[in-house]
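J.: Found this in Swiss-Prot, in case it helps:
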DOMAIN    56-88  domain '4Fe-4S ferredoxin-type 1'
BINDING   CYS68, CYS71, CYS74, CYS117  [4Fe-4S] cluster 1 binding site
BINDING   CYS78, CYS107, CYS110, CYS113  [4Fe-4S] cluster 2 binding site
DOMAIN    98-127  domain '4Fe-4S ferredoxin-type 2'
Amino acid sequence: MSRALDKAGRWIGWAFFADLANGLALTFGYMFSRPVTMQYPDKEKWLPYSRYRGHHFLKRDDEGEIKCVACELCARICPCDCIEVVPYEDEKGNRRPAKFEIDTARCLFCGLCEDACPADAIALGQQYEFSSFSSRDLVIGRDDLLAKPGKAMTGGGVVAARLNTERDVLVEASEPRGYNWWRNIRRK
């Protein structure tokens, strides 16, 4: 019985060794190939697709008024409780938000607020750079949400990065097709 167990143990040991050798060969192959790291933000910048869920922004109607009717559905459906809406009635008798704040530090960017809005007033844009030294800077008010840019119709490409002194400017991609992230990876 011990001889049978000894043979089975040797066979299992060789199988694990073969697996280990396969893994090491793959690792060494990648170690000497070109890196896939994108040179962000120094040399190139990724433009997200139009379906990307980035920053929040509020929309205006044709007359330039805010579309939000302060129904607070976005605040109620938000799983993170990061939206605060305080309604008021304007001089025309329309319900509008006196205060509309989104805490992007707590937000999951799930898009439920966008789906729940009956007036199509809130949407998620393509901006993905939110870095800040203070968490207070990540709370975005109504006026800032109205000033944010909307969605670009193109995206999914990589463009040369350039120093842009204008804030919140969307760069249009020259190529409408997607970007092949795995172009430098060896294929078997």
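Every residue gets a Cβ built from N, Cα and C, even glycine.
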J.: Which residues of the same chain, at least 6 past either end of the domain '4Fe-4S ferredoxin-type 2' (98-127), have a Cβ under 8 Å from a Cβ in it?
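T.: Distal contacts: 47-50, 52-59, 66-71, 73-88, 135, 138-142, 145, 148-152, 155, 168, 170.
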J.: Give me the non-local Cβ neighbours of CYS113 ([4Fe-4S] cluster 2 binding site): same chain, 6+ apart in sequence, Cβ-Cβ under 8 Å, ordered along the sequence.
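T.: Non-local contacts for CYS113 ([4Fe-4S] cluster 2 binding site): HIS56, CYS74, ALA75, ILE77, CYS78, ILE83, ILE122.
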J.: For the recorded [4Fe-4S] cluster 2 site formed by CYS78, CYS107, CYS110, CYS113, which further same-chain residues have Cβ atoms within 8 Å of the site's Cβ center?
T.: CYS74, ILE77, PRO79, CYS80, CYS82, ILE83, ILE102, LEU108, PHE109, GLY111, LEU112
J.: Using DSSP, tally how many residues of the domain '4Fe-4S ferredoxin-type 1' (56-88) sit in helix, strand and coil.
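T.: Final tally across the stretch: 5 helix, 11 strand, 17 coil.
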J.: Check each residue in the chain of CYS71 ([4Fe-4S] cluster 1 binding site) that is at least six apart in sequence and keep those whose C-beta is under 8 Å from its C-beta; list them in sequence order.
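T.: Once residues fewer than 6 apart are set aside, CYS71 ([4Fe-4S] cluster 1 binding site) is near ARG95, PRO118, ALA119.
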J.: As a test of the contact definition, list every same-chain residue at least 6 positions from CYS68 ([4Fe-4S] cluster 1 binding site) whose Cβ is closer than 8 Å to its Cβ.
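T.: Set apart from CYS68 ([4Fe-4S] cluster 1 binding site) by at least 6 residues yet with Cβ under 8 Å, we have LEU58, VAL85, ARG96, PRO97, PHE100, CYS117, ALA119, ALA121, ILE122.
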J.: Under a three-state reduction of DSSP output, how is CYS113 ([4Fe-4S] cluster 2 binding site) classified: helix, strand, or coil?
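T.: The residue in question, CYS113 ([4Fe-4S] cluster 2 binding site), is helix (DSSP, three-state).
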J.: Could you list the residues of the same chain, at least six apart in sequence, whose Cβ is under 8 A from the Cβ of CYS110 ([4Fe-4S] cluster 2 binding site)?
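T.: Non-local contacts for CYS110 ([4Fe-4S] cluster 2 binding site): ARG53, PRO79.
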J.: Per-residue pLDDT averaged over the domain '4Fe-4S ferredoxin-type 1' (56-88) comes to what?
T.: 94
J.: Can you give me the same-chain residues 6 or more apart in sequence from CYS107 ([4Fe-4S] cluster 2 binding site) with a CB-CB distance under 8 Å?
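T.: The list for CYS107 ([4Fe-4S] cluster 2 binding site) reads HIS56, CYS78, CYS80, CYS82, given in order along the sequence.
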